[in-house]
Amino acid sequence: MIRRSDFPKDFIFGTATAAYQIEGAANEDGRGPSIWDVFSHTPGKTLNGDNGDVACDHYHRYKEDIKLMKEIGLDAYRFSISWPRVMPDGKNINQKGVDFYNRLVDELLENDIVPFITLYHWDLPYALYEKGGWLNPDIALYFRAYATFMFNELGDRVKHWITLNEPWCSSFLGYFTGEHAPGHKDLQEALIAAHNLLRAHGHAVQAFREEVKDGKVGLTNVVMKIEPGDSKPESFLVASLVDKFVNAWYHDPVVFGKYPEEAVAIYLEKGLQILDSDMNIIATPIDFFGVNYYTRTLVIFDPNNPLGFSYVQGDLPKTEMGWEIYPQGLFDMLVYLKERYRLPLYITENGMAGPDKLENGRVQDTYRIEYLEKHFEKALEAINAGVDLKGYFIWSLMDNFEWAYGYSKRFGIIYVDYNTQKRILKDSALWLKEFLKS
Ligand SMILES: N=[N+]=NCCCCNC(=O)[C@@H]1[C@H]2[C@H](O)[C@@H](O)[C@H](O)[C@@H](CO)[C@@H]12
């Protein structure tokens, strides 16, 4: 049985959340609308028309939530800042919004919980979207100004920062598949958005070096283990190509200053330009990569699909998201990232959506305990294989707004009864509390 003491002494265990998924108070104290406010209020975009207007009401209940983190014994907490709460139009300051994050950080520190801040977790101010959003090259400068302001505001107390959460989701799901805000379906736009997201990241890192001399800054990507879904040689080729588009695309430029060869061809074919000056900014050195790992993705060669491949379902046990439970993929990707980029790593998200039922005041999510144990074991195996893994944030602290799936998917180790906003520690939280003492 894995124990906390098996991990390095300074290894940190935490939980992660994101502003739009938990805060609520969407129109309170001067907060402006984000693209997710507009998207979730657009009929047909989210399950049951669910939105983040109230969510977990964390904006008002943050003290109680921090008390629960303390009770579980967590070392750290990763959360995101709502850009439109602090800059309703993307530019001018809303002091009440800024005050909330000051209170939140101070409350965490008073409870000996280390804050990790994500600057952008998908809630772009709608006012900036109206100026082109991630398609407008100037967005990188708006983001730099926002980042600079937040570094100045909180950098004296917060020393661990993440610029973007999963630019693959923001660009591919937001601009190509249309599943996420702003719901566009245009491959060329997705490529432009991806490039501008990485440019914004680079600008923020440059600002960080000026504003927070003793801090660490990184980029969090979703990292998927891409495997061939059948034994055809073409499927192995396709898997390695998809791996380049999903993984290397968002890591290579940040470390090497260039896109993977296979990807550049698509860019040039689409007539997109990649300036050397852009690549130099994107490659401003970072201190770590954040790794969001959930599952593997199986692809097969498919000549009928314009992209040349299609996804196939694997036959391993799956979570409520239909994602295979595949802890080996975590080990594989941690080792891959270490060997390719040689940077310290944090698992900034790992967890599962389960069929959580509240019965007699209890949620017996034994499956989530098993999931976490298996992924903890693979993380430890990676450390023993030489990976400089520094921490592990469970997704998520509490059940929350699961984007297009609304409130139908529960990822929390804490159950939220949305009718009463009552929080109930699931068995997984009780297990974690004991693990953290082991
Ligand atoms: N096929 N397939 N595969 C896996 C694709 C995962 C892409 N979605 C994510 O990584 C999001 C990340 C997000 O940060 C968080 O805000 C979300 O709540 C979690 C849970 O959805 C995850």
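Here the Cβ of each residue, glycine as well, is placed from N, Cα and C on the backbone.
Between the candidates ASN152, ASN165, ASN247, ASN360, TrEMBL assigns the substrate site shared with GLN21, HIS121, TYR294, TRP395, GLU402, TRP403 to ASN165.
DSSP gives TRP395 (substrate binding site) a strand state.
The CA atom of GLU166 (active site, proton donor) is located 8 Å away from the CA atom of HIS121 (substrate binding site). Sequence-distant neighbours of TYR294 (substrate binding site) (same chain, 6+ residues apart, CB-CB distance under 8 A): VAL222, MET224, MET321, TRP323, GLU349, ASN350, GLY351, MET352.
Cβ neighbour density within 10 Å is lowest for GLU402 among the recorded positions GLU166, GLU349, GLU402.
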